[in-house]
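Take a look at the structure below.
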Amino acid sequence: MNLGALKSSNFRAYVAGSAFGLLAIWMQRITVGWLAWDMTGSATLVGAVAFFMFAPSIVLSPLFGVWVDRMNVKRAVLVVQTLNAALSAALWLAVAADVATPFLLMCFSVLLGVVMAANHPVRMALTPRLVRREFVGSVVTIVAINFNIARMIGPAVGGVLIAQIGVAHTLLVQWLLFLPYLLVLSRLTLRPRRDTGSAQEPFFKALATGVRFVWQTLPVREAMFVAGVLAVVARGALEILPPLADGVFNRGASGLGLLMSVTGVGAILGGFSQALLPPQEPGRLPLSTRLAIVIGLVMVVALGAAQTWELALVVAAAMSFVTTVTAISTQTAIQLDLEDDMRGRVMSLWAVIAAGGSALGAGMMGILADAIGLQKALIFTGSFSTVLVGGYFALVWVRRGL
């Protein structure tokens, strides 16, 4: 089993504390979206708020990655999470005082997006240093399980609290959830960082060093490539579930909720399946991961071809399962090849590919769906990407074997 990281009391404390922080973050997203809708009844504002919460990550995460590699990473994560908590407190006060406006909410979304852009490289640079190097793969798996559980539970808890106690009190609960996370972070002990010296180069030269490392290190480049394809195609497909649930199968909001629930369950099961496997070896993607990538792309075709609601639910859950397995494995492959002072830069690029690919895929899928229909769009993109990735793996097999 791939749970060796839990032998560390330091890491166990982090997992427990981050459960509170992740729950707060996912509750925050659903609350901000609801607040935008409740204020204006405008789907455009809801979309704009979501865009501004995610867009800064695509532009700023690599820059924050350089910053993280230069800083004391424990201090960096404390700064980032303190700012996150402060923003929650500020929005709570604005809503409680009845001074919140759509413009203020947009400003909040931009600031939150900037903080989250820093959060990705900070978190990915911190967690491997909570354990000995041989447990880095286990860390990635357990953190992913924690993340996906919060992703499934957080929006549901946020929705219930909004209905029962109102938006203002829900925001207060979110702020309170950050406090145990900050307490745990302040008490963590990190193993000494192994430095290559590249983090002390001039800022943009250090950034270029990170990009060059990705390009010149074959396992890392391969992991980035397949993660990008899967993010664009499979994750992109999972981002446009509303037109599938209502436009194709006429199941309405309740159907969308069920569809999102089964994808959440699939993601959690994918994380646990990785935990049951032996630790991943550095230097290459496992054969099981390559198969999972191809299966995930085939599942996109199957989702487009599904003629019944029940089959669509099963396929969506399977897609979520294999995309989570692939995300964990590719991230592990990258982390196992990194020195500590490169983690911020390289993992920020992984975060950009994962988040940006998903957004790009959703946009492309939406445009294609409007042109030829959603089911045909899924079949086309899934088929094309299966051939692309299958051809790539065949080429790798011919050149150096699986």
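Backbone N, Cα and C atoms are what each Cβ position is placed from, and that goes for glycine too.
For 12-37, 43-64, 76-97, 103-122, 134-154, 160-184, 256-277, 289-306, 312-334, 346-372, 378-398, the entry in TrEMBL reads transmembrane segment.
The stretch from 12-37, 43-64, 134-154, 160-184 that makes the most Cβ contacts under 8 Å with the transmembrane segment (76-97) is 160-184. Sequence-distant contacts of the transmembrane segment (289-306), counting only residues of its own chain at least 6 positions beyond either end whose CB sits under 8 Å from a CB of the stretch, comprise 226, 229-230, 233-234, 237, 244, 312, 315-316, 318-319, 322-323, 325-326, 329-330, 333, 374-383, 385-386, 389-390, 393, 402. Contact between the transmembrane segment (12-37) and the transmembrane segment (256-277) does not hold: fewer than three of their C-beta pairs are under 8 Å, each pair 6 or more apart in sequence.
If one looks beyond the transmembrane segment (378-398) by at least 6 residues along the same chain, the residues whose Cβ comes under 8 Å of a Cβ in the stretch are 222, 225-226, 229, 232-233, 236-237, 290, 293-294, 297-305, 364-365, 368, 372. Long-range contacts of the transmembrane segment (256-277) within the same chain: residues 1-3, 141-142, 144-145, 148-149, 151-152, 238, 241-242, 244-246, 288, 312-314, 316-325, 328-329, each at least 6 residues beyond the stretch ends and with a Cβ under 8 Å from a Cβ of the stretch.
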